[in-house]
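Working notes, structure below.
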Amino acid sequence: MRLIGAFGGSTALWALLAAHVAGAFEPVSVGIAIGAVSALTGYLSYTDFYCRFTECCHEERPLNTSALKLDLEEKLFGQHLATEVILKALTGFRNNKNSKKPLTLSLHGWAGTGKNFISQIVAENLYPKGLKSNFVHLFVSTLHFPHEQKIKVYQDQLQKWIRGNVSACGSSVFIFDEMDKLHPGIIDAIKPFLDYYEQVDGISYRRAIFIFLSNAGGDLITKTALDFWRAGRKREEIQLKDLEPVLSVGVFNNKHSGLWHSGLIDKNLIDYFIPFLPLEYKHVKMCVRAEMRARGAAVDEDVVTSVADEMTFFPKDEKIYSDKGCKTVQSRLDFH
């Protein structure tokens, strides 16, 4: 709500200055100062005003389903299953005020199929700052958990990190990239946080979201997609039930999945195993067009075709799927 008049304007300016130096005062003093402004203006609560100038954790803020749906449809190509499942899962979770456990999604597929991209879209729809938000936390296996001999140390650190961030914001988002490179056993450290507990050591994790990204299972997904293609069936006919059971069993028995014999699967704590299908030639061209638009350039179909033709495809005989998905589209477009 806009403040009107000289008094309102000067008061707002004073409060803004107070907010900028808030770090130099204890919270009580800042609360009294800004609270006094709110009382004078009659327009703003302390929380409303403070959150205009700093990022706040809005645990009960509803998800803009229409915006998320539009982002998924316009920015993610060839992934009808991921689009449908993630839209329904996030909408249902955020609209349910009495969730019994955190939302846990496990995204599987070859590199370049959109797993990282969709996690970015999800983050941006939950928090305006997206992956840069203080409430969105990205773990990369090869960066944060590189040494096999330090598994116990990593488990303790991971528990402390998640506990501290959820205590600060109950609707925190945790993204684990390169799960297929995570040493077995590390991820089980977070099992108590994903379970059906009202609280763990006085903290509720029921509004948090956990997203796992993994290349594991890519071969199983490709096999199913290829079977459909060879049978003359459209990829859009593939349903979640055709892949989810195969994926859960496959990654559970895969020593290089990060979820090998994991209690997260054994205790059914992962809500959805979401397959990302291998991308076809037409999807690569969609990625090229999207990248050109993102750069503010006019779409040149000759360039689109040229970039797509430079990609390599498999299997050897049929050459249906891009072996790198859309991963190298940006770098290849730089040469045109």
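Placed from the backbone N, Cα and C atoms, the Cβ positions cover glycine too.
TrEMBL annotations:
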- G109, W110, A111, G112, T113, G114, K115, N116: ATP binding site (BINDING)
- 101-244: domain 'AAA+ ATPase' (DOMAIN)
- 1-24: signal peptide (SIGNAL)
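Here the domain 'AAA+ ATPase' (101-244) has, by DSSP, the following mix of helix, strand and coil residues: 72 helix, 24 strand, 48 coil. Close to the recorded ATP site, the chain also has F117, N215, F276, G325, K327: residues not among G109, W110, A111, G112, T113, G114, K115, N116 whose Cβ is within 8 Å of the site's Cβ mean position. Computed over the domain 'AAA+ ATPase' (101-244), the whole-number mean pLDDT of the model equals 97. It is T113 that, of the binding-site residues T113, N116, has its Cβ surrounded by the most other Cβ atoms within 10 Å. K115 (ATP binding site) is surrounded by 26 other CB atoms, counting those within 10 A of its CB over all protein chains shown.
Within the same chain, the residues at least 6 positions away from G109 (ATP binding site) whose Cβ sits under 8 Å from its Cβ are K115, N215, G217, G218, I221, P275, F276, L277, P278, listed in sequence order. Scoring each of the binding-site residues (G112, G114) by how many neighbouring Cβ atoms lie within 10 Å, the top position goes to G114.
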